[in-house]
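Some notes on the structure that comes next.
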Amino acid sequence: MPDPTTQSNYLAIASQHVDLVWELDWTKKAITGHATHSAIVNEDGVQEFIVDTLFLDIHKVEVEGESAPFTVGNHHEVMGSPLRISLKQPQSAGTKLSIRIVYETTKDCTALQWLDKEQTAGRLFPYLFSQCQPIHARSLVPLQDSPSVKITWAASVTSVLPVLLSAIRVSPPSTGPAHDGKEIGKESVVYTYKQPVPIPSYLIAIASGNVRYKPFETVPGKDWTTGVWAEPEVIDAAHWEFCEDTPKFMIEAEKLAIPYKFGVYEMVVLPPSFPYGGMENACLTFLTPTLLSGDRALVDVVAHELQHSWFGNGVTQADSSHFWLNEGWTTYMERMLLRVLHGQEERDFSFLMDFKSLQDSLKQYEDRPKYQRLVIDFEYGEDPDDAYSKIPYEKGSNFIYYLERSLGGPEVFLPYVKDYVSTYIGKSINTFQWKDHLFSYFKQHNPSLVADVLDKIDWNAWFYGEGLKLPEEYAFDTTLAEEAFALAARWDTSRLVADPSTVGFKKSDVEAFNTNQKIVFLERLQVLAPLPKAHIDLLGDVYGFRSTLNVELRFRYYELALASPAGPSIKEEVAEWVVDEEFKSGGVKGRMKFCRPTFRGLKKVDEGLAKKTFEGSRERFHPIARRLIQKDLGLI
Ligand code: BES
Ligand code: ZN
């Protein structure tokens with residue numbers, strides 16, 4: 001089955017390398033320039049090269065240096081328009097062609113958000129960033145937008161603001177003066193980058209704004225470097241949050257898999273409208289500023305994005321139907337890192353923490369059970385963004401954890417993991433190729449496990465099972481969650497008392513908790529029957545959940561409050577908070593994990609308010625978030 005989300009003819013002729021020459025036009029809010037593909041013909045008789053585009057203006061096409069006829073097909077709502085380029089005469093297999101497309105982006109390009117200066121921490125310069133996964137790369141570059149196609153690329157980008165790309169900086173040096181010593185915002189600098197490792201198109205990314213670099217300590221004997229980019233106002237906090245753990249994660253991750261292939265592992269902390277927690281763009285992970293909680297409690301997102309370097313960026317899903325191979329494996333490995341660095345209890349705590357998000361996602365899709373599956377057979381043109389949820393992450397990682405336990409634990413399983421990565425690194429695979437390798441590995445290394453374990457697993461239940469339950473559920477170690485559970489139980493029984501201030505709840509109840517324990521506490525309350533209004537009010541005040549700048553906590557408190565009798569009295573406050581642009585209070589809550597459930601919660605209390613709030617502030621959200629919130633609110 002070819003990738004159902006692309007209109008390109010990548011099987012007949014495949015792009016192998018792309019050279020990008022871009023100029024950032026900050027006034028017009030457009031990227032202008034050209035993309036030159038080096039493509040190889042795979043079948044005799046190929047007469048056209050078809051690439052995906054989404055809201056791009058195509059100016060001109062050249063094949064082998066000569067102007068070539070092209071057509072831009074009808075716009076498909078999800079997949080965009082196929083750009084069909086004629087190749088003059090039928091080509092024979094093995095032929096290599098150079099195809100240049102001159103184009104520019106438009107205001108509708110779904111990958112890009114151009115922020116005004118007021119939407120940044122420094123408020124002095126505008127900002128641009130992209131989000132290409134799953135199928136938005138086609139609105140940044142005309143290309144064959146399928147993860148089954150892996151390409152190397154290089155770029156030269158001219159801009160009056162520093163430019164970051166998901167590749168290796170060639171010039172000017174990252175550690176040199178910002179913007180090559182030129183005046184930021186006024187003078188142009190040409191930034192050049194190269195990506196010599198073949199990657200899927202969804203890992204192409206750009207960020208540009210007033211950013212600075214701060215490296216982490218180098219690790220002796222390693223040829224990779226790590227560090228963080230952010231606006232000057234945020235760089236020290238960003239450096240502190242990640243400097244301890246990132247190099248450690250790298251060292252252990254290499255031991256678990258194979259050496260890191262991408263040369264540099266940098267990250268950039270983006271403005272608050274970034275729609276995800278993290279995005280594993282090659283060489284340059286993109287991060288939400290909501291990770292800067294000041295206690296390093298949310299660094300597991302870095303562990304996750306780093307693990308994608310092997311699971312996703314190295315071994316890649318063939319298409320969106322096998323998204324769980326990227327995310328389920330990465331989540332499993334992220335937690336394996338926790339086990340190596342902090343012990344088994346931390347690993348189980350992490351599984352436990354996300355179990356509620358799995359249940360929430362499964363419930364959310366009760367009307368579309370297809371999206372409760374691990375392997376989702378997408379129809380041609382179906383939108384993978386509609387299926388995005390925690391299910392591939394949590395069902396997937398629970399599945400692999402179950403395999404690990406069934407096969408005899410990490411000692412038996414980890415050597416297999418290494419073999420899996422080494423076998424498929426650089427390739428794009430589907431679920432069946434993954435399963436074939438699993439069987440052949442154990443057949444070779446421990447044949448009794450094939451008959452005793454693998455043959456007995458209910459593969460169909462895991463791959464295609466629907467409903468709210470996993471085929472096998474596991475009782476995780478709850479040691480690290482006990483105190484949070486106990487405090488939640490105290491609040492639960494306090495509902496019998498009309499005036500909760502007489503119960504003796506104190507700020508010190510949670511003082512020894514880190515962010516993750518507080519999250520577990522709030523989530524435990526969320527699954528219990530709603531508390532009375534007086535209790536919800538006290539909870540917000542006594543522990544500071546109603547005023548904290550920690551978005552993970554404030555968001556969960558608001559979710560809890562909206563679903564309780566306190567909903568009508570707090571709805572206005574929540575509405576203001578979610579679209580708030582004030583940087584001091586965390587800015588817009590653009591991360592979809594926060595804004596989507598908040599809007600859905602508001603809708604349940606006051607649909608008119610939810611719609612009005614969104615519509616008055618839609619430009620603050622990234623185009624991808626904008627579209628999904630509109631769908632959630634029934635606006636489209
Ligand atoms: N690759 C994902 C983000 C993504 C997936 C973007 C699909 C668009 C389409 C990234 O690695 C991710 O999983 N981010 C999580 C972090 C987490 C699970 C630790 C997020 O953003 O919440
Ligand atoms: Zn991920």
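The count begins at 1 with the first shown residue.
For all residues, glycine too, the Cβ spot is worked out from N, Cα and C.
On a predicted model such as this, the values are computed, not experimentally measured, just so you know.
Listed in TrEMBL:
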BINDING   Gln131, Cys132, Gln133, Pro275, Tyr276, Gly277, Gly278, Met279, Glu280, Arg591, Met592, Lys593  peptide binding site
BINDING   His304, His308, Glu327  Zn(2+) binding site
ACT_SITE  Glu305  active site, proton acceptor
ACT_SITE  Tyr393  active site, proton donor
DOMAIN    479-633  domain 'Peptidase M1 leukotriene A4 hydrolase/aminopeptidase C-terminal'
Residue pair His308 (Zn(2+) binding site), Glu280 (peptide binding site) - Cα distance, angstrom, rounded: 6
List of residues, in chain order, with Cβ under 8 A from that of Gln131 (peptide binding site) and at least 6 apart: Ala111, Gln113, Ala205, Phe274, Pro275, Tyr276, Met279, Phe286, His622, Ile624
Cα-Cα distance maximum in Å, computed over every pair in Gln131, Cys132, Gln133, Pro275, Tyr276, Gly277, Gly278, Met279, Glu280, Arg591, Met592, Lys593 that the record assigns to peptide: 18
All-chain count of other Cβ atoms within 10 Å of Met592 (peptide binding site): 22
The residue listed as 'active site, proton acceptor': nearby recorded positions from Gln133, Gly278, Glu280, Tyr393, Met592, Cα cut-off 10 Å: Gly278, Glu280
Across the domain 'Peptidase M1 leukotriene A4 hydrolase/aminopeptidase C-terminal' (479-633), average pLDDT on the 0 to 100 scale: 97
Filtered binding-site residues, from Gln133, His304, Met592, whose Cβ is under 6 Å from an atom of ligand 1: Gln133, His304
Neighbourhood of ligand 2 - recorded positions from Tyr276, Gly278, Glu327, Tyr393, Met592 with Cβ under 6 Å: Glu327
Listed binding-site residues Gly278, His304, Glu327, filtered to Cα within 10 Å of Tyr393 (active site, proton donor): Glu327
Local Cβ density at His304 (Zn(2+) binding site) - other Cβ atoms counted within 10 Å: 23
Rounded distance in angstrom between the Cα atoms of Met592 (peptide binding site) and Glu327 (Zn(2+) binding site): 17
